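Quick notes on the structure that follows.
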Amino acid sequence: IHDKINITMYNTISMVIFTVQTFAGLWINAFIISVVCIGLLKKKSFNSNEKILLFLGCSRFGYLCMSWLYFLILIIYPLFFGIQSILILSIATQTFLHFCNLWVSSCLSVFYCIKIANFRHSFFTFLKAKIDRIVPWLLLGSVLLSLSISIFVFKVNYELPCKNLNATTLDNIRKLRIQMDAYLFPFFFIYGIGFSTAFLAVIFSALLLLFSLWRHKGRMQANSVKNVSVEAHIKAMKSILSFFFLYSINFACLVLSLVYATDKHVAIKYVISVFLNVFPIVHSLVLIFSNPKLEKALLRTLLCVKYKVCRRK
């Protein structure tokens, strides 16, 4: 009875926290999507930064919706996932959206680095000149890689050696999920490599931008006038360092989620899930405050809301 009370308490607390996180994340990413789309209607064109932001906002919106729905069903009616095909499809869909989220956000760091950093190497000069044409291919590559991994996840799950389990009880569902987790270690390895690749892209972008800033500042040291390029370097550097900090926390949580995948401690898994769910929310906030257009739109929205609330009083 004591264990059941603890599980119920963990479920309730986790659901409340997860719901608050999800709806905050949905609002933030819906705001980014709406601002970019309104800009498209006015200008009739997209720049590369807006393409990445729109794609990232859409993938995060879908990821948060899917994760919240999965978590809600798992707590309220876990027997629903006793149907193996539904469980497999939900895991594969979350995997696809999760990888889209990670790789597109790392593409944004690479984009900032190439756009702002100053290097005279011929390859870097080529990338700088062609980056606007490369961005759509980077987004397409992120989708295709995410899709290939989600298909792999679907296939591995479908071939699990546990088809004799008719998961009609909660115990059987837990056994089914434990067997799936234990059988998915090759997938965990690929999952880790995929995230490590995105993490390394952010690290190298930060290091290259820092080196470029150091060199450029050294050249402009004799000039007492404020240089626009230095200011752009510093602003981009702050954004990418924020990305790096968030990625570091997310990477640690991801490793812990793989370590505790087959563990029976429910509380640890819930805490890890909460921290993993924070990443797309906080990262989107950083994107808003590092983008002048999004920041101005947010301030206008908040002022408008404040004005309406004051009028009602």
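Heads up, the Cβ atoms here are built off N, Cα and C, so glycines get one too.
What TrEMBL records for this protein:
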TRANSMEM  12-41  transmembrane segment
TRANSMEM  61-80  transmembrane segment
TRANSMEM  86-114  transmembrane segment
TRANSMEM  134-154  transmembrane segment
TRANSMEM  183-211  transmembrane segment
TRANSMEM  240-261  transmembrane segment
TRANSMEM  267-290  transmembrane segment
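Remark: the transmembrane segment (240-261) makes no contact with the transmembrane segment (61-80), by the rule of 3 or more CB pairs under 8 A. Long-range contacts of the transmembrane segment (267-290) within its own chain (CB-CB distance under 8 A, at least 6 residues past either end) are made by residues 10, 13-14, 17-18, 21-22, 24-25, 28-29, 31-32, 53, 56-57, 60, 63-64, 67, 71, 101, 105, 108, 235, 238-239, 242-243, 246, 249-250, 253-254, 256-257, 260, 298.
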